[in-house]
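As recorded in Swiss-Prot, the features of this protein are as follows:
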type	residues	note
DISULFID	C145-C180	disulfide bond
DISULFID	C409-C452	disulfide bond
DISULFID	C480-C500	disulfide bond
DISULFID	C513-C528	disulfide bond
REGION	168-173	region 'Fusion loop'
TOPO_DOM	34-574	topological domain 'Extracellular'
TRANSMEM	13-33	transmembrane segment
TRANSMEM	575-595	transmembrane segment
TRANSMEM	629-649	transmembrane segment
TRANSMEM	651-671	transmembrane segment
Amino acid sequence: MRAVSDFLKNKWVAVPAVALLILSLGFLAQNYITGSFVSGDQIEYTSNSEFFDGEVFVINYIGDRTTDKIHAEIPASELASAADGEVTKELTIDITSQETYARYSTTSTSLSRIYAFKAINSEVFTDTSSSEVESRKQSWAEQNCYDIDGDSEIEQGDDYTQRFWVDGAIADYYNAQVYCVRENGYYGNIAELSSPDKEFEAEVEVKADGETPQSTTLSNSDLGQGRCDNIGEYVRACWTGLNPTGEGVPEPYNVYAIHSNTFSPEWRVISAERYSSYNSYVENNLYSQIEAWKEGSLSQEEVVSTANDQAAQAAQRVSSGSFTDYQVEDSSYENGQIRLNPSYDIAWPEFTFYVDGADYISVEKPVGEPRIVNVEGDEFGEKQSGTVTAEVENTASYEGSFSARVSKCSDSFGYDSLQETKTVGPGETVSFDFRVSFTSDSFDQKTVSGSCEIVVSDTGDSSNSDTAVVDVEATQSNECTPNEEFVRTINSTHSRILECSSDGLTTTEVDVCGDGEEAAFRDSSWTCVSDGTLPGGGDGSGGSGGGGDTDDCVVFAVGDLEIEDPFCADGPLEMLSKMFHLVAGTAVAFFTGSLGYRAGRWVDGEYQIKGGFDPLKSRSVSRAKRGRFLIGLIAELVSFLLGFYVILLVPIWAQLMVILGYVLFKYYTPF
């Protein structure tokens with residue numbers, strides 16, 4: 001009692017528990033055993049039960065199979081050891097009796113009934129003719145005699161016999177004396193027995209100290225294998241199967257069943273051997289005894305007595321063999337049921353008992369007491385992640401297993417819902433860190449404030465928990481390129497021209513294109529134009545330089561590099577600009593080609609040779625004078641392309657000013 005008192009002073013928390021007792025019970029009917037204990041290694045403590053809430057005891061028990069009665073005591077110390085807690089009540093399981101038996105069903109057959117007989121005779125005569133007396137004799141026999149050979153025909157020599165004579169002083173009289181037996185009632189219809197079903201009954205009582213015993217009668221004939229039934233309010237039992245004992249179940253090979261309303265009960269198990277003897281007597285001996293009666297060697301009473309003795313023997317209840325101790329459980333002709341109780345156990349039943357520990361077994365288990373003593377939030381940007389932290393202290397005097405998680409966050413803030421579990425000693429503090437994120441569809445730059453909820457509980461008792469709210473802040477990211485215009489489509493039908501603010505976070509609507517209009521890039525800005533003004537039906541999304549305005553002018557593109565058709569232009573002014581580009585490209589090509597020619601001769605040590613770059617010069621000219629033709633040709637081609645497409649970047653007004661300046665410098669002479 002002192003240990004229990006100290007335990008309660010330490011504020012252990014009562015935990016709802018369920019005792020799950022798995023008992024394999026199989027016994028032979030001899031003695032009554034007391035004190036059959038369960039060893040500690042057969043007890044587990046888990047939190048899985050399909051019938052009751054809370055933790056459960058898993059207590060495995062296997063009977064010693066030496067009795068039909070058992071008294072199993074499960075000490076409180078064994079339960080406490082498995083639960084790692086305190087249990088003050090012992091649990092006892094009493095099987096006050098149990099028996100196993102075989103059940104047989106009756107099956108109708110075409111076997112003949114068992115009849116009682118009466119010996120009869122009659123004299124038939126006529127003065128007409130012998131054929132007439134023969135006809136009258138046969139008619140009488142068919143109406144009164146039993147079909148002994150069972151061929152559905154009443155025949156002389158098989159089913160009846162006769163004496164025939166003729167007499168008369170004045171006229172002839174034809175006489176016939178007929179001898180046979182007829183039915184004088186029957187004992188019943190014959191049926192076969194089906195193969196047996198193994199069944200059991202057990203009187204079970206489960207009791208915890210100081211509680212009302214829970215008891216019932218269990219039988220698989222009511223439950224069915226794997227099914228469960230209640231034993232009172234707090235106990236549930238499941239039958240899980242039958243283990244064979246090694247003893248065979250009697251098969252109904254040597255017996256039949258006979259049904260008659262004159263029997264009590266109406267079904268009776270009879271000997272198959274006696275039934276066969278009765279049939280053999282009728283088929284092989286009854287006719288010869290009728291002949292003996294006709295000849296006078298047997299009396300009429302002796303024939304009847306012998307035949308009816310055979311029938312009575314066949315209809316008697318079986319008196320030897322395995323089926324002497326049976327019970328009729330259903331007397332109806334259609335659903336006859338025979339129960340056989342052998343003198344030995346034919347199987348051992350196995351049970352699983354579920355005992356509600358919350359109300360029936362007191363279990364006290366030490367758990368921790370979590371308290372959140374501090375929380376820390378975080379500030380982070382959009383599409384980034386931050387960390388929230390909770391510091392948790394165990395304020396109990398016992399070790400706790402604390403599980404923490406983020407249960408919810410404000411809108412637009414995401415979180416990882418997985419929980420983290422840590423073991424915390426008495427008075428210790430641990431930290432839990434959780435990742436949070438932020439995502440928004442808004443264009444407005446702003447700081448968004450929110451919060452997340454953190455929940456911590458002890459895994460041994462979820463009611464021991466604490467909750468705290470932590471603040472979080474997130475900053476909206478840029479949504480566009482500062483000071484640039486761009487186009488968005490409204491409902492896939494209309495273009496909307498927007499201008500990005502200087503901070504890249506907000507936009508201003510510039511224009512919305514109407515029906516039949518598209519957004520096109522013109523003179524370094526976006527504008528709405530009619531569909532027909534776009535070459536090739538394009539959307540006018542070209543760049544802002546002096547090149548073409550549509551993608552129709554692009555003949556080659558790799559990444560951001562695009563090469564346009566030099567003769568593709570939007571208007572005469574752009575065509576004039578491209579003509580200047582051709583002139584500039586050609587000039588640059590000849591200049592760089594000459595430079596490449598000179599460089600090639602310099603490399604060959606021919607820098608003192610005079611002459612110009614003329615790739616079409618006669619082949620008789622020395623190789624040294626020709627220089628490196630291939631190098632010069634490649635340099636010329638590259639220079640032309642560079643000259644043409646570099647000049648494309650120069651606006652046309654700048655090109656005109658350069659040309660005008662060159663002309664003035666070349667041809668103008670001041671006074």
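Glycine too: its Cβ is placed from the backbone N, Cα and C atoms.
Where Swiss-Prot records a feature, it is marked here on the structure.
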residue: C145; record: disulfide bond; DSSP class: coil
residue: C180; record: disulfide bond; DSSP class: strand
residue: C409; record: disulfide bond; DSSP class: strand
residue: C452; record: disulfide bond; DSSP class: strand
residue: C480; record: disulfide bond; DSSP class: coil
residue: C500; record: disulfide bond; DSSP class: strand
residue: C513; record: disulfide bond; DSSP class: coil
residue: C528; record: disulfide bond; DSSP class: strand
Quick check for the class: what is the C-alpha distance, in angstrom and rounded, between C528 (disulfide bond) and C180 (disulfide bond)?
126
Between C-alpha atoms, which of these disulfide-bonded residues comes nearest to C513 (disulfide bond): C145, C180, C409, C480, C500?
C500
Expressed to the nearest Å, what is the distance separating C180 (disulfide bond) and C500 (disulfide bond) at their Cα atoms?
126
What is the separation, in Å, between the Cα atoms of C452 (disulfide bond) and C145 (disulfide bond)?
103
Separation of alpha carbons, C409 (disulfide bond) and C145 (disulfide bond) (Å):
101
Which residues of the same chain, at least 6 positions away in sequence, have a Cβ lying under 8 Å from the Cβ of C409 (disulfide bond)?
Y415, V436, G450, S451, C452, E453, V472
Applying a 10 Å Cβ distance cut-off over all chains shown, what neighbour count does C452 (disulfide bond) have?
24
Among C180, C480, the one of these disulfide-bonded residues whose Cβ has the fewest neighbouring Cβ atoms within 10 Å:
C480
Take the region 'Fusion loop' (168-173) and average the pLDDT across it for me.
54
